[in-house]
Amino acid sequence: MATVPTALAGRHFLKELDFTAEEFRGLLELAAELKAAKKARTETLYLRGRNIALVFEKTSTRTRCAFEVAAADQGASTTYLDPAGSQIGHKESVKDTARVLGRMFDGIEYRGHGQGVVEELAAHAGVPVYNGLTDEWHPTQMLADALTMTEHSDKPLTEIAYAYLGDARYNMGNSYLVTGALLGMDVRIVAPRLLWPDETIVEVAQQLAVASGARITLTEDVKEGVRGADFVATDVWVSMGEPKEVWDERIGLLGPYAVTMDVLRATGNDDVKFLHCLPAFHDLGTDIGREIHARHGLTSLEVTDEVFESAHSVVFDEAENRMHTIKAVLVATLA
């Protein structure tokens, strides 16, 4: 039977800083216990009779599946509202939607664009609200990544070094920066200066680092940024629906920051692991991949297929851990 941290009962999870470092570590411990119980088929059902709304203004594979399976494993039911199946923000205000869903559900997950929407849902729902991803933050991904790091390193989190390569202005860059700062880790943001996190986010991370002992580096130099890293992470550079001119500019800026075997060798760590929140453009198996190939002659973008398919890659452990860590959040806040 898992040890459920009662201090998180009824709490929202809108960004990483909603929890203290101790609470974050407690969720990782709970996730590891729940994962072991699932493997052994000895799970205790903490969420019987609970109902959870999944509001998706941005579609997803991993986030939706992780919430649905995590809830089902624990005896809870989910209702999926896709971009066409909800009136939120279109025919009904976010505030009114929150009050309706809060009367019917025990918890609400939201995945969409602005952080302000999930914050407004939380302000008015009267039940725990979870951020499945916004443009600014991706907190459930950080729990999964931290659990994956603990599984693939013998070091405590405070001794683990990781480098994030790519466009660091949005959710993944922000989340990697503040999560590492919160947990006292060695965090490197490796990107063109134009694509660094906003200065206000950097200042928050630096303030956290004073208390946690974290080491924070922002650099344009790939070799400097990855030297000695235990983990190298990246994210997609382009999204469907963006103007092709934006793709062209970003690909031009980020070409030197693609994760290749040379980048992994530059860590000087034979055991370095590769992280990616997925989906990844590592081959020509996607429409975007083929379009980029036709336009730029590239067979991959942010990571080469050689790295993605190598023994260094732990991306599918990371994807699985979305479910275990989301389950921990649901149990801790709703049990």
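Cβ atoms are placed via backbone N, Cα and C, with glycine included.
Among the features that Swiss-Prot reports, carbamoyl phosphate binding site is placed at Ser60, Thr61, Arg62, Thr63, Gln87, Arg111, His138, Pro139, Thr140, Gln141, Cys277, Leu278, Arg322. Feature annotation from Swiss-Prot assigns L-ornithine binding site to Asn171, Asp235, Ser239, Met240; the stated evidence is sequence analysis.
It is Ser239, among the binding-site residues Ser60, Thr140, Asn171, Ser239, whose Cβ has the fewest other Cβ atoms within 10 Å in the structure shown.
When the alpha carbons of Arg322 (carbamoyl phosphate binding site) and Asp235 (L-ornithine binding site) are compared, the span between them is 16 angstrom. Separating the Cα atoms of Asn171 (L-ornithine binding site) and His138 (carbamoyl phosphate binding site) is a whole-number distance of 6 Å. In sequence order, Arg62, His138, Gln141, Asp145, Met172, Asp235, Glu318 constitute the residues six or more apart from Cys277 (carbamoyl phosphate binding site) in its chain with CB-CB distances below 8 Å. With every protein chain in view, the residue among the binding-site residues Arg62, His138 whose Cβ has the most Cβ partners within 10 Å turns out to be His138. Distance from the CA of Ser239 (L-ornithine binding site) to the CA of Thr140 (carbamoyl phosphate binding site) is 21 Å. Taking the Cα atom of each, Ser60 (carbamoyl phosphate binding site) and Ser239 (L-ornithine binding site) are about 13 angstrom apart. A sphere of 10 angstroms centred on the C-beta of Asp235 (L-ornithine binding site) encloses 24 other C-beta atoms. Of all the Cβ atoms in the protein chains shown, 27 others lie within 10 Å of the Cβ of Arg322 (carbamoyl phosphate binding site). DSSP assigns Arg322 (carbamoyl phosphate binding site) to a helix in the three-state reduction.
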